[in-house]
Each structure stands twice: as structure tokens, then as C-alpha cells.
Amino acid sequence: MQRILGIESSCDETAAAVVEDGERVLSSVVASQMSTHGRYGGVVPELASREHLRAIVPVVREALERSATRLEDLAAIAVTVGPGLVGSLLVGLTYAKSLSLASGVGLIGVNHIEGHIHAVILEARRDGTPVEFPALALVASGGHTHLFEVREDFTYRLLGKTRDDAAGEAFDKVGKLLGFGYPGGPVIDRLAPHGDPLAVRFTFAKMKGNALDFSFSGLKTAVLRWVEAHDMEAEIAARKALVRDNPSPDLDQWLAVTPKRTLDLAASFQHAVIHELLTRAAASAERIGARSLIVSGGVACNSGLRSAAYASRLPYAVHFPSFGLSTDNAAMIAAAAFPKLARREFSGLDIAAQANLTLA
């Protein structure tokens, strides 16, 4: 049995986990910074770095203690090297290097996007429903929206990506525009079932070049224009006041300050994003002859996306991660390192953080 310590600090979560044999999560600890950044309406890179510095030592210590693991029990230390906020990446990477140097345990650098893919592979293998290859991976989060062909040897081919906003970024920006605070995506998801997803018709421009690419900036602008045309200042102010007085309103509180027209708008926006994601994912899967569809990243938490994917009767298995492994975590980083460990692909202590690291 081999254990890997994973460390993740690419954005605004400080995370550590111990995974055994690529499928057993012995511990997974995540320190969120949501309360820190929420008042600013988004992630502030400088604050994120400082919060990582405060959290990294206790988070790693807790992951080791929960799993009853000593450093000398580890086969490797895996750490996110990119993509992400460079200041945040440096905190986790520097600490992982220090542990590796002090303990003599080998270091493995991991691509954050690859980690999201392996979050699904880990759980599918553990649950006895392994992913069949080639697989089509849709990775959708606040910072990424990509389509990859995933081969059995864990090599990748990029098929499509966003040309502007990521899907999760579009959710959060629209949520902020409507007064739902940060992050706004989960609030839209909670309210969407109470609206009509066909009430507001959104159209997407035909993509020039790669038809599998995404673009969400036009949709975001269309929502802005709709808001400007419907005199929504008072209700938006009411929602902002609600968030100011209570950072975590319940559903009834949201519904009390959100008229039917805005519920329809939220439902229609979510429906449009989901349609774009699944339409391009299905086209990509058909192109490569996929035997599985992997949906991962923070947007994989969206209940509407999950329901639509499972209801679409695709001719291959659809795999989502559990909610705990959808958002940023370190178990996925450790899981992604196991194939590299098997190939003895260790990283040197000179490995650098890469804010714009690509997977393929």
C-alpha cells in the first residue's frame, strides 16, 4: 500500500489530503477563504496568499494526523504547481518542497486541471464503476472551462476551451450583478428551480474557428442589458442588504427578495450555460468515440447540470465527483500523482509555480 500526501493552494482554498493506492481517501482537509473574499465580491490575490500562509501548516498537520500517517510512511508528496494565482501556488509549493527536503520523500508536481479529472477517476475506481477510455472530460470551474480527450495512459488532448469567461466565472459575475453576493453561482442554482428556464431567450453567436470552444462573455452582457431594461435597482439593493446583514441567507430569505421575473432570469441564464456545456461536450465525445463522460470542477456541483447530464440519455456512462471533491481539494492532487509515481516521475526541487500552466 502506498500513500501520497496531496497539497493544494492554487486559489482560495488551502487543502491537504492523504490518499492510499489512488482510491482510498484517508483524510481530506480544506480551509476555505470564502468569508475573507466575500466582502470584496471576488478573490483578492494578495489576501489569498496571506491566508494560505496562515493555514498551510495546520492544514497539512491535520491531514497527516487524521490519517495516522507519518512523513516516513509516504511514497510521495504531491503539490499543485499550476495553473492558478502565482502567489497562492508558491505557498503550497514552497511548503511541499520543504517537507520533501526534510523527509527525503519524493516530490511530484501536479497540474490543477488534471487533479479535477482524477477526482472523478478516484471515486469511480473506488465505487467499482471505473471510467472507460477514451473518456471526454469537461472541466468547468471559476477559472477553467475545457474539454479534453483522456486516454487510458493518462495523456490528454485539448478539444475545446473558453475564449473569455469560464463557466463558473460567468455564474459568479451574474450572481454579483443580481445582488446575490459572492460566490453567486450556488445561489443561482438554488433559485433556478423556482423560475421558468425558457422565460428569457438567450442566444449564442456561432463560433468561428474551433466549434468546440466556449464563449460566455456575450451571455453575461445579455443579462446586464436585461437588468438595465427592467428597472431592478430596488430589488438588487434589497438583496445586497440581505447579504450584508446575513452572509448565508436561507432559501426562503432569498425568495422573499427575489421577484418571479428575476427567478425566471436566473433559471434561463442557468439553462443557457448548461445547454452550452452539454452540447459541446456531447459533440466532443462523439468526435473521439468516447466511452465515458467526466464532468468535474466546481461547476459540477450545479444540480441543474447534474440533472440535465443524467437525463440526456447519452450512449456512455456519465461520471460526476461527489460534492466534496468537485471544488478545490487536495485528494484530487494526490490521486493525479499516482500514475506519475508508478512511472517514477518525480519533480526536482527547482520546479516552479506556473500561473498559466496548460495540460495539453
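Placed from the backbone N, Cα and C atoms, the Cβ positions cover glycine too.
Checking the candidates Asp127, Asp153, Asp172 against Swiss-Prot: the one annotated together with Val139, Ala140, Ser141, Gly142, Gly143, Gly185, Asp189, Asn302 at the substrate site is Asp172. Site annotation (Swiss-Prot): Fe cation is bound by His112, His116, and the candidate from Asp264, Asp328 recorded at this site is Asp328. Distance from the CA of Val139 (substrate binding site) to the CA of His116 (Fe cation binding site) is 7 Å. The distance from the Cα of Gly143 (substrate binding site) to the Cα of His112 (Fe cation binding site) comes to 11 Å. Largest CA to CA distance in the substrate binding set (Val139, Ala140, Ser141, Gly142, Gly143, Asp172, Gly185, Asp189, Asn302): 18 Å, whole number. A strand conformation is recorded for Val139 (substrate binding site) in the three-state DSSP classification.
With a cut-off of 8 Å between CB atoms and residues at least 6 apart in sequence, the same chain places Ile113, His116, Ile117, Thr145, His146, Leu147, Phe148, Ser296, Gly297 near Val139 (substrate binding site), listed in sequence order. His112 (Fe cation binding site) is 21 Å away from Gly185 (substrate binding site) when you measure Cα to Cα. Proximity of Asn302 (substrate binding site) to non-local residues of its own chain (separation of 6 or more, Cβ distance below 8 Å) is seen for Phe171, Gly185, Asp189, Gln270, Ile274, given in sequence order.
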